[in-house]
Amino acid sequence: MVSRVIPVEDFDLVIFGATGDLAHRKILPGLFRRFVAGQIPETSRIIGAARTEQDDEAFRAEAARAIVEFAGVKKNDPRLAQFVELLGYTAIDARGEGGWNELKGRMREGAVHAFYFSVAPALFGDIAERLAGHGIADAQSRIVVEKPFGRDLASARALNAMLAQHFDEHQIYRIDHYLGKETVQNLMAVRFANVLFEPLWNAQYVDHVQITVAETVGVAGRGSYYDKSGAIRDMVQNHMMQLLCLIAMEPPYHFDPDAVRDEKLKVIRALEPLEPGDIVRGQYQADGKEPGYLEAAENPDSRTESYVAMKVRISNWRWQGTPFYLRTGKKLRARTSEIAITFKEPPHSIFDDTGAPKANELVIRLQPNEGMNLKVMIKEPGPGGMRLVQVPLDMSFADALGAEGADMPDAYERLIMDVIRGNQTLFMRGDEVEAAWAWTDPIINAWEDSKRRPEPYDPGSSGPEEALRLMHRDNRRWREIRS
Ligand code: BG6
């Protein structure tokens, strides 16, 4: 398969927070890989901006170290030396005046200008104001903002309103890195580029949907952030909600930013409020070797959930009566993200001597081992009657696509290139983020008003027992968590 790398336009990208963790782990390595792939013009400039006083050379050395560590490239790789030539650095005081004129002097006329806010949300306003005030950003510039985008509806609205003072919606790229994952985009390809699935993709044929994002890591190292957030704010309001939307939405009329986002928004607006019995929260315990959640978060009284499972209903014609079960958690048995669509059983079995056919199931594995698995019924070979057996039609994208499939770009690579291309399809619109908070706010508030504690679960398990009951009472079972 021939790789189709289309170079983007010449650009100046400013990374605020360039000395931070996200820049080191994701943004700089992602840009490096796109450079190596030939997508970034050699005239482009990447300007680090942060509080640390340092010069271009020191930042280049810092970036090279990060890229060696996180992109798995050798220190003496000649492409690394070429890439860091694109980098420059300006020390910036986000809340003062230092550095802004210098930054303005670095921006080239005629290039696409993008500003990546890889900083705490509390600084978004200061940076936006100074970019506009110093005439550094104009009506053609783009800004990229990271999650968390607010911590409730009120704060998300305030953030949107503040950004709107300086930028139009078409200039604002709100990142949800799940949308940049190759297999997440594949959800749209599977649904809307095949005729096989879509006619069955509704409550008449789908019994239920399970969306699982399981992680093996705990919260150690970021406990103070996580403890104020919890799984609902950290994962459900954004990543899980996006997955749910892509599975449940109507076909957009075109693969166009607003057409796609309009359809996602309709799904979020059709979510029914959760009933108290439809949600289970969990907190992982210590396991003798590693601390439990409470120690990791350094908050012995914390009621913050490191696991959540919920039964979600979508009130519209397509999905009335088909529940979507969502679960996500830290310190679980395996790292895996998948979506499983369980179809209904055939309405009538003609094979009366060998048991009823089992329901078909389509599993889309998002990570790791990206691929698809469709369970179908066939006849067991041999004489002795019509014995039925369910077998998987299993496809690994890596195997199916050869070398290109094995080399899945990281979500950030794709998303940053989309910013330069000016394509907002895989970014969240302001109204989408607000609608997602409008649905999660009452869930969070009801918990804060209650005196309940999360259910304990063992690290390396599948989550709390209580979550199993959420399914059992509907005569259903969670799929096993395994990678
Ligand atoms: C982040 C969350 O947005 O997504 C983290 O803040 C989580 O808590 C991470 O670990 C998961 O992302 P991925 O790409 O590893 O599935």
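Residue numbering: from 1, along the chain as shown.
Including glycine, each Cβ sits where the backbone N, Cα and C put it.
Just so it is clear, the model here is predicted, and its values are computed rather than measured.
Here TrEMBL has HIS177, LYS181, GLU215, ASP234 binding substrate, and the candidate from LYS75, LYS311, LYS330 in that same listed site is LYS330. HIS177 (substrate binding site) sits 8 Å from HIS239 (active site, proton acceptor), taking the C-alpha atoms as the reference points. Within the set of binding-site residues LYS181, ASP234, LYS330, ASP234 have a CB atom less than 6 Å from some atom of ligand 1. The CA atom of ASP234 (substrate binding site) is located 9 Å away from the CA atom of LYS147 (NADP(+) binding site). Taken residue by residue with DSSP, LYS147 (NADP(+) binding site) is part of neither helix nor strand, so it is coil. In the structure shown, across all protein chains, ASP234 is the one of the binding-site residues GLU215, ASP234 with the greatest number of other Cβ atoms within 10 Å. Secondary structure at ASP234 (substrate binding site), as computed by DSSP, is helix.
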